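Asker: Relevant sequence annotations retrieved from Swiss-Prot are reproduced here:
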type: MOD_RES; residues: A2; note: N-acetylalanine
type: TRANSMEM; residues: 28-48; note: transmembrane segment
type: TRANSMEM; residues: 56-76; note: transmembrane segment
type: TRANSMEM; residues: 98-118; note: transmembrane segment
type: TRANSMEM; residues: 128-148; note: transmembrane segment
Amino acid sequence: MAGFLDNFRWPECECIDWSERRNAVASVVAGILFFTGWWIMIDAAVVYPKPEQLNHAFHTCGVFSTLAFFMINAVSNAQVRGDSYESGCLGRTGARVWLFIGFMLMFGSLIASMWILFGAYVTQNTDVYPGLAVFFQNALIFFSTLIYKFGRTEELWT
């Protein structure tokens, strides 16, 4: 059962060459996910304007996710491998530490949004939509970060 789908291939569309458009498609998909995450949170803030319904401190999860998005994508894969980043104040180790801190912020924001969802909304007798908005905002920013970081190729720039 381990090699069940080893020889399975999806039928390829011959009319579009995806290898040339991989960076554009990954960037557009990541941008749509990032925009949708913030749009859901802004919608929840408009629908539930009172702090009793949606605490304004819950926006910090999305802010830290956005900060982590920029931190993670500021470091190229070549810098992490050490191919193109030999000089500088910290070099390859600094790039890896920066990327690690970015992923810690991203996972921390995602976990905090789940905590907000269950701690402030699911266990209480209130509307769950603001908690879902906080969670989906962070989840969509998380997936957009992964797509933007690992969905693009860097060979075109060298």
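Just so it is clear, glycine is given a Cβ too, placed from its N, Cα and C backbone atoms.
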Asker: Please report, as numbers and ranges, the same-chain residues at least 6 past the borders of the transmembrane segment (28-48) whose CB is under 8 Å from any CB of it.
Answerer: 54, 59, 62, 65-66, 69, 127, 129-130, 133-134, 136-141, 143-145, 147-148, 151
Asker: Apart from its near flanks, which chain residues at least 6 from the ends of the transmembrane segment (56-76) lie with a Cβ under 8 angstroms of it?
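Answerer: Sequence-distant neighbours of the transmembrane segment (56-76): 34, 37-38, 41, 45, 84, 95, 98-99, 101-103, 105-106, 108-110, 112-113, 116, 120, 130, 134, 137-138, 141-142, 144-145, 148-149, 154.
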Asker: Quickly jot the same-chain residues contacting the transmembrane segment (128-148) by Cβ under 8 Å, restricted to those at least six beyond its ends, or write none.
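Answerer: Those are 26-27, 29-34, 36-38, 40-41, 43-44, 47-48, 53-54, 58, 61-62, 65-66, 68-69, 72-73, 106, 109-110, 112-114, 116-118, 120-122, in sequence order.
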